[in-house]
Every structure is written in structure tokens, then in C-alpha cells.
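So the structure is just underneath, and the comments pick up after that.
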Amino acid sequence: MKLSGVFTALATPFRDDLSLDERALASFVDWQISSGISGIVPCGTTGESATLNFEEYCTVVRLCIETARGRILVIAGAGSHCTTETISRALFVQSAGADAALIVVPYYNRPSDEGVYQHFRAVHDATNIPIVLYNVPQRTAIDISNDTIRRIAELPRVVGIKDCTGAERVAALKAILPEKVAILSGEDETALASYMNGGSGCISVVSNVAPKMAVELYRLHALGKINMAKQVSGNLAALSRVLFIEPSPSPTKYALSLMGKMRPKVRLPLVELTSSGQTAVKNVLETLDLLRQQKAMHSQL
């Protein structure tokens with residue numbers, strides 16, 4: 001498996017009573033597929049995995065796989081700060097038919113680099129599913145070294161890394177990682193720079209809201225149309241900034257509610273977007289013409 005393209009870090013729809021909205025989720029996945037993305041990543045940070053119980057987690061993963069029906073890749077979030085729990089989740093997504101498991105660096109415990117390596121090795125050795133390493137120090141409080149990333153990447157079924165430390169690191173990782181390992185940007189604002197430094201794709205938050213735009217950025221870079229790509233990148237950066245104006249994924253869910261994709265509901269300890277945040281999100285969506293495009297699409301159905 002060689003990962004490339006745009007993968008959406010999928011938001012999880014909730015009803016007004018905060019139960020899972022399975023119908024909205026299936027519809028949302030279909031829309032993502034029709035918009036041209038390469039894959040979806042359910043049950044990650046944007047999917048509020050921290051507030052899903054295990055039954056809900058399993059439901060989301062199964063529904064995404066069933067809805068995708070092999071049309072795109074499904075890389076299911078399976079990470080935890082507990083190695084045995086991570087193994088249990090990875091075994092579940094393997095049995096459910098996911099294409100790969102996204103495994104975050106253990107958070108809260110703050111292990112050493114050797115502890116991080118042993119965590120990934122234990123998960124790898126207990127499963128048979130391809131693994132994508134997720135390095136996000138702003139949430140885990142650990143930024144593992146390039147050497148440790150290389151050691152993890154040498155495990156046979158590690159096929160990618162989602163790195164959220166900036167585009168500058170991509171070239172250094174490209175030089176030391178095996179060819180089988182895709183480097184995926186975890187930062188929409190620097191996705192183009194990541195591609196230009198040798199990155200293979202992006203696991204994107206903004207593609208929840210603007211999947212076609214995120215795919216277009218990837219396509220333009222692949223075609224060598226860098227000036228046009230820079231224009232699209234500027235628009236995506238503006239959208240990305242407003243989608244993190246308050247704790248994520250509250251701004252993303254509000255944007256999707258304006259587009260008729262899901263309710264803006266999030267689970268505590270997250271709260272819905274403030275009125276000032278709502279105004280900021282709506283202004284950017286209108287500036288980028290995303291609301292009009294969505295209304296036009298619905299009018300054609």
C-alpha cells in the first residue's frame with residue numbers, strides 16, 4: 001500500500017441529544033467520496049474519538065467501511081495512551097475491514113522515545129493491519145525524534161506517518177524513511193509546502209468543509225502548476241485558520257451545519273461555537289463561495 005492524496009479527518013455527526021447520527025454520517029461519507037478525496041480517517045481528533053465509548057467507536061468505523069464499499073481507503077483511528085487498548089482497537093478495525101489503522105503517539109503518559117517505539121512495536125506485532133503513525137506534539141506533549149520515527153517506520157507494516165510539526169521536517173524525513181512509508185501532512189496551512197518538500201498527501205481537517213478545494217490543491221501541485229496551487233493554498237489556509245478559531249472540531253461542525261451536512265453538536269468538554277466564532281466562520285465560507293456552491297448542488301438534486 002502506497003498512500004497518496006487527500007484523506008479527510010472525518011467529523012462525527014451527533015443528533016440534538018448527542019447520540020450518533022448514523023444517517024448523517026453515511027450521507028457525509030458519500031458526499032466526501034463524490035468530491036474526489038482519496039480516503040477518510042474516522043475516529044481521530046476531529047472525529048471526537050475521545051468522547052466516543054467503545055460501542056460508538058465500533059459503530060462509526062463499521063459504518064464508514066460499509067458506506068465506502070471499497071471506493072476509497074478507510075484509515076481508522078485506533079490510538080490510545082494505553083498499549084493494550086490500542087491493540088484492542090487495532091484488532092477491531094482490522095476485523096472490520098479497514099485499510100489501515102492510524103495510531104497516535106501515546107498521550108498523557110509522556111513516555112520516552114524508547115517507550116514510544118516499544119508501544120508501536122507491540123501494536124504492530126499483535127496485529128496484521130497496515131499502520132500509520134500519528135505525530136501531533138501539540139496534543140500529546142511529545143515530539144518524537146526523527147531517529148525514533150525511522151525505527152518505527154522500519155517495522156514491516158508501517159506504511160505512513162501523519163506529521164503535524166510543519167513542512168520543514170518533511171525533507172529530513174524523506175531522506176531517512178523507507179520508500180514504503182508515505183509522509184502525510186497533518187497541517188492544512190502548510191500542505192502545499194509539504195508536497196513541495198516530498199510529502200505524499202494530507203490528512204485534512206478543511207476537506208470536511210471544502211473537499212474539492214483540498215483535492216484541487218493536491219492535483220495542481222502534481223501537475224506542476226505551482227502558481228495556481230499557491231492561490232488555492234491561500235484560500236485553504238484562510239479556511240483552516242477559522243476552523244481553529246476555537247477548539248476543534250466545533251468550528252468545523254458549525255460550518256458543516258451551515259452547509260446542511262450535520263448539526264453543530266459537540267460533546268462535553270467541548271462546547272458549540274460562540275456567536276463571534278459563528279460570524280467568523282460564516283464570513284469565510286461566504287468569501288470562498290462555499291455556501292452558494294452547496295445550495296446550488298442541492299437545487300440540482
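Using the three backbone atoms N, Cα and C, a Cβ is placed for every residue, glycine included.
Taken from Swiss-Prot as is:
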{"type": "SITE", "residues": "THR45", "note": "site 'Part of a proton relay during catalysis'"}
{"type": "BINDING", "residues": "THR46, ILE203", "note": "pyruvate binding site"}
{"type": "SITE", "residues": "TYR108", "note": "site 'Part of a proton relay during catalysis'"}
{"type": "ACT_SITE", "residues": "TYR134", "note": "active site, proton donor/acceptor"}
{"type": "ACT_SITE", "residues": "LYS162", "note": "active site, schiff-base intermediate with substrate"}
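For the recorded positions THR45, THR46, TYR108, LYS162, a Cα to Cα distance of within 10 angstroms from TYR134 (active site, proton donor/acceptor) holds for LYS162. In sequence order, ALA9, VAL136, ARG139, SER248, PRO249 are the residues near THR45 (site 'Part of a proton relay during catalysis'), counting only same-chain partners six or more apart with C-beta under 8 A.
The separation of THR46 (pyruvate binding site) from TYR108 (site 'Part of a proton relay during catalysis'), Cα to Cα, is 18 Å. Rounded to a whole number, the C-alpha distance linking the residue listed as 'active site, schiff-base intermediate with substrate' with ILE203 (pyruvate binding site) is 7 angstrom. Remark: of the recorded positions TYR108, TYR134, the most isolated position is TYR108 (fewest other Cβ atoms within 10 Å of its Cβ).
On its own chain, ILE203 (pyruvate binding site) has PHE7, THR8, ALA9, VAL41, GLY44, ILE75, LEU102, LYS162, LEU184, SER185, GLY186 as residues at least 6 apart in sequence with a Cβ closer than 8 Å to its own Cβ.
Around THR46 (pyruvate binding site), taking its Cβ as the centre, 23 other Cβ atoms fall within 10 Å, counting all chains.
DSSP classifies THR45 (site 'Part of a proton relay during catalysis') as coil under the three-state reduction.
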